[in-house]
Amino acid sequence: MGRWISKEIQLIRKKTGNWKACRFILGNECCERLAYYGMSTNLVNYLGDRLNQGNVAASNNVTNWSGTCYVTPLIGAFLADSYLGRYWTIASFVIIYIIGMTLLTLSASVTGLKPSCDKDSCHPTTGQTAACFVALYMIALGTGGIKPCVSSFGADQFDETDETERKRKSSFFNWFYLSINIGALVASSVLVWIQMNVGWGWGFGVPAVAMAVAVVFFFLGSKLYRLQKPGGSPITRIVQVIVASIRKSNVQVPADKSLLYETVEEESQIQGSRKLEYTNKFKFFDKAAVKTQDDNIKGLTSPWRLCTVTQVEELKSIVRLLPVWASGIVFSTVYSQMSTMFVLQGNTMDQHMGPHFQIPSASLSLFDTLSVIFWAPVYDRIIVPYARKFTGHERGFTQLQRMGIGLFISIVSMITAGILEVVRLNFVRKNNYYDLKYIPMSIFWQVPQYFLIGCAEVFTFIGQLEFFYDQAPDAMRSLCSALSLTTVALGNYLSTMLVTIVTKTTTRGGKLGWIPDNMNRGHLDYFYWLLAILSFLNFIVYLWISKWFTYKKATGNPQ
């Protein structure tokens with residue numbers, strides 16, 4: 001019987017999953033990200049030009065919306081892990097996404113929905129502004145069902161118990177992030193140019209079509225996908241451990257941890273999950289797995305009184321992830337500057353490429369994308385094999401080391417941006433260019449700061465994807481992927497908070513402040529120094545967290 005099951009598993013492995021399934025997932029992600037970035041990269045300029053918002057208002061609206069796009073994944077992740085599974089969650093939320101993209105396109109192109117404009121400015125009505133923001137927040141909800149599931153769904157196509165497939169899974173995250181940035185490359189170059197030179201209707205319409213193509217890619221691979229069973233509500237299981245631990249707060253945990261409660265079967269009783277080995281941290285929660293005479297009610301064991309070691313370790317895994325998760329918030333704040341302060345800084349500089357062509361300031365984010373496209377394969381094919389010779393680790397660096405390198409590079413990127421702004425402002429003062437719209441200083445001086453952030457992304461963001469997938473309990477992987485994405489949300493919200501506080505503080509007494517509408521009379525460099533200091537302090541804390549962290553240990557096979 002066992003031999004027959006083994007042959008069946010091998011046959012399923014041969015016909016499904018692996019790279020033959022992932023090519024459809026990568027194609028879907030590339031097109032979906034093209035749609036997302038094609039709409040979001042230049043959004044700060046759309047809000048300023050068409051909805052007549054100032055620098056601070058437009059910047060804050062973009063970061064608030066972008067932050068929401070990274071909070072809604074908690075909804076999609078909960079549904080995926082608990083009830084629908086990752087495949088059906090993606091399939092369901094993509095409909096909301098497409099409706100939002102269509103409405104946004106209509107709000108920028110259809111008479112009555114789009115604002116009326118004259119030579120000097122546009123005059124949006126309350127209804128037109130509302131239509132735009134309804135569309136944006138529908139997109140935020142739609143992306144919430146896709147973001148936390150796609151990377152985990154792709155990683156599901158590789159069997160962790162098979163050594164060859166496990167190595168391929170590590171490479172998958174690099175190529176997954178590369179596919180994101182190929183989509184972003186087209187968005188930040190071609191689509192931003194269309195928006196600034198052809199029109200916003202076409203500029204938003206093309207991303208809507210790209211989203212439709214993404215849907216086709218996803219469903220074409222349906223027969224090849226490996227589907228992991230949803231394990232029921234992870235929140236319920238977490239609360240059960242907490243309740244059982246509190247109920248047994250006076251119970252003594254045995255010195256022999258093998259006496260703690262666990263099912264005798266080889267597999268975990270949680271659908272789609274392997275058993276987790278005991279770890280020697282957060283010992284209070286061990287009380288939930290201590291067997292007592294009061295645990296049986298009418299001959300049955302209540303999970304609100306007695307939990308398995310695996311269920312307790314699920315909660316411990318989440319608690320262990322939280323400090324690492326928190327350390328990613330400041331990094332995401334730095335990352336969010338590419339769509340706000342970097343764009344506003346570039347708006348003041350000479351955007352010419354040759355005598356006739358102008359590059360929109362938002363398009364410079366393509367150098368961040370090119371950086372990722374360069375560094376992702378270099379990391380996978382060159383850095384990992386080289387580092388492996390010295391560290392002995394199969395991935396070259398541990399996931400925590402990889403993320404730490406990215407955090408350090410992000411500090412350098414903010415210092416670089418600050419130095420450029422100091423030089424730019426000195427150039428303005430020296431030549432009295434205060435009221436000049438575009439100073440004669442090439443926008444391409446911004447390239448190093450974009451390139452450094454791209455390099456930092458390859459280390460930190462891809463490291464996060466892999467880390468939160470690997471260290472999450474098997475039945476909570478979508479939820480933990482969503483948790484990692486919320487660092488981007490909180491990073492955007494932190495950016496909004498910092499801009500608001502800085503603006504209120506520095507404009508007292510009638511002063512222009514650090515970030516006025518005329519950037520030539522401001523001090524954006526001070527804002528960059530503030531972010532550099534916060535990033536450095538965050539990096540010091542992260543080093544301590546990394547030293548403290550314990551990696552999870554799983555046994556058996558996922559269902």
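Any Cβ shown, glycine's included, is placed from N, Cα and C.
Listed features, source TrEMBL:
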TRANSMEM  87-106  transmembrane segment
TRANSMEM  175-194  transmembrane segment
TRANSMEM  200-220  transmembrane segment
TRANSMEM  324-344  transmembrane segment
TRANSMEM  364-384  transmembrane segment
TRANSMEM  405-427  transmembrane segment
TRANSMEM  447-469  transmembrane segment
TRANSMEM  481-502  transmembrane segment
TRANSMEM  526-545  transmembrane segment
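Between the transmembrane segment (87-106) and the transmembrane segment (405-427) there are fewer than 3 Cβ pairs closer than 8 Å, counting only residues 6 or more apart in sequence, so the two stretches are not in contact.
The transmembrane segment (364-384) makes no contact with the transmembrane segment (405-427): fewer than 3 of their CB pairs lie within 8 A, with pairs spaced 6 or more apart in sequence. Across the candidate stretches 175-194, 324-344, 481-502, the maximum count of CB pairs under 8 A to the transmembrane segment (200-220) is reached by 175-194. When the stretches 324-344, 405-427, 447-469, 526-545 are ranked by Cβ pairs under 8 Å to the transmembrane segment (175-194), first place goes to 447-469.
When the stretches 324-344, 405-427, 447-469 are ranked by Cβ pairs under 8 Å to the transmembrane segment (526-545), first place goes to 405-427. Residues 151-152, 155, 170, 173-174, 176-177, 181, 321, 324-325, 328, 331, 334-335, 338, 342, 364-365, 367-372, 374-376, 379, 399-400, 402-403, 405-407, 409-410, 412-414, 416-417, 420, 477, 480-481, 483-484, 487 of the same chain lie 6 or more positions beyond the ends of the transmembrane segment (447-469) yet place their CB under 8 Å from a CB of it. When Cβ-Cβ distances below 8 Å are used as the criterion, the transmembrane segment (324-344) is approached by residues 40-41, 43-45, 55, 59, 62-63, 66, 361-362, 364-365, 368, 400, 403, 406-407, 410, 413-414, 417, 446, 449-450, 453, 456-457, 460-461, 464, 467-468, 483-484, 486-492, 494-495, 498-499, 515, 519, 524, 527-528, 531, 534-535, 538, 541-542, 545-546, 549 of the same chain, each at least six residues removed from its ends.
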